[in-house]
Amino acid sequence: MKRWPVFPRSLRQLVMLAFLLILLPLLVLAWQAWQSLNALSDQAALVNRTTLIDARRSEAMTNAALEMERSYRQYCVLDDPTLAKVYQSQRKRYSEMLDAHAGVLPDDKLYQALRQDLNNLAQLQCNNSGPDAAAAARLEAFASANTEMVQATRTVVFSRGQQLQREIAERGQYFGWQSLVLFLVSLVMVLLFTRMIIGPVKNIERMINRLGEGRSLGNSVSFSGPSELRSVGQRILWLSERLSWLESQRHQFLRHLSHELKTPLASMREGTELLADQVVGPLTPEQKEVVSILDSSSRNLQKLIEQLLDYNRKQADSAVELDNVELAPLVETVVSAHSLPARAKMMHTDVDLKATACLAEPMLLMSVLDNLYSNAVHYGAESGNICLRSSLHGARVYIDVINTGTPIPQEERAMIFEPFFQGSHQRKGAVKGSGLGLSIARDCIRRMQGELYLVDESGQDVCFRIELPSSKNTK
């Protein structure tokens with residue numbers, strides 16, 4: 001990941017910056033929404049206020065027009081000068097309201113028509129206790145124009161409401177698109193900052209996985225990202241170097257220990273053989289028994305040293321190259337190698353290979369099968385059964401080694417693959433177990449990208465399962 005000049009140096013700074021930048025579009029959207037809401041609120045208040053004023057003025061003008069006509073007719077009937085003054089006062093008041101209402105009317109012709117009719121009604125003209133014919137016509141024209149004014153005012157008020165609704169809808173659509181854009185911007189920033197944080201974490205995870213697989217990290221690992229994660233990466237590098245050093249010291253110690261034990265052991269074996277051959281003189285039956293015990297113990301010690309060396313060598317070996325391995329020849333070889341002890345215990349072996357091949361290293365797989373089958377023979381019940389079977393499950397091949405006998409206690413199952421662990425059920429035979437066989441077998445299987453574990457099979461006492469990658473020829 002490329003480091004920017006302004007890249008946050010710490011994880012806290014990066015997280016705070018991420019929160020701020022992600023919240024920024026939302027804050028901008030909230031601020032604009034607040035501004036727009038205020039503007040729409042003010043506009044709605046203005047529309048309501050002007051609408052109320054215009055509607056009341058229109059109603060007042062209608063009432064004034066009716067009062068003018070009533071005063072006009074009363075004057076013609078009573079010929080009272082006071083009524084003439086009232087009429088002129090009403091006419092003046094209507095004229096003032098008409099001037100104020102002129103900006104509301106959508107058409108200036110309507111205003112001019114009302115103004116002309118109002119001017120024509122300036123003089124009172126009566127005939128036979130009523131307006132003369134011309135005056136009556138002017139009053140009727142004025143009333144008709146006033147009605148048109150009221151209708152025009154209503155149209156204007158309605159158009160204002162529609163305009164406000166359109167603006168609200170346009171603002172809503174605008175904020176909808178803006179919300180979508182800002183959401184996408186926030187999403188991009190979330191993904192960007194997630195990558196900035198997860199990237200170094202993934203690198204650390206890969207380093208830990210390599211450590212768990214027993215591979216060295218080397219000194220070529222580069223770190224980027226916040227200082228806390230870089231510090232963790234450096235500590236993991238230090239841990240890798242420390243583990244490599246400890247591993248080398250362990251291998252060296254085991255080599256030296258095995259070498260130092262071999263020399264006195266060889267002398268012990270040679271002396272025991274000389275005593276057993278009675279080279280130094282005849283032995284009594286009691287002495288022969290002691291010599292036999294010494295010989296058996298020295299052989300057990302020699303086997304333990306050889307297993308230690310084998311375990312050490314396989315731990316230090318590099319990654320193996322997997323190849324297509326036919327299972328039938330390996331199984332046949334393993335069964336034949338242990339046919340005598342199996343026959344001595346009158347044990348029967350069944351072979352059922354539904355999966356005929358897998359990806360493995362032939363010698364390592366044979367070593368594992370030999371160990372598991374040997375355990376089945378020596379730990380199994382006399383006159384019991386052993387079953388070697390294989391099956392295909394997706395891209396994996398299962399190889400089961402099953403025997404009848406005493407089941408492994410539940411409390412020991414998590415420990416049987418640990419080096420030097422020996423369970424409560426002891427091995428039957430001339431050679432005592434060392435506790436390294438299953439540990440070596442599991443390490444070998446893991447080096448072949450597989451797994452070895454104990455499973456519970458219905459009707460079976462003990463079942464060890466090998467899981468390996470399947471080959472293209474597996475059926």
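Any Cβ shown, glycine's included, is placed from N, Cα and C.
Here's what Swiss-Prot has on this protein:
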DOMAIN    256-472  domain 'Histidine kinase'
MOD_RES   HIS259  phosphohistidine
TOPO_DOM  1-13  topological domain 'Cytoplasmic'
TOPO_DOM  35-173  topological domain 'Periplasmic'
TOPO_DOM  195-475  topological domain 'Cytoplasmic'
TRANSMEM  14-34  transmembrane segment
TRANSMEM  174-194  transmembrane segment
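Using DSSP to sort the residues of the topological domain 'Periplasmic' (35-173) gives these counts of helix, strand and coil: 119 helix, 2 strand, 18 coil. The average pLDDT for the topological domain 'Periplasmic' (35-173) in the predicted structure is 83. Listed in sequence order, the same-chain residues six or more apart from HIS259 (phosphohistidine) with CB atoms under 8 A from its CB number zero; the list is none. Annotation note: HIS259 (phosphohistidine) sits in a helical segment as assigned by DSSP.
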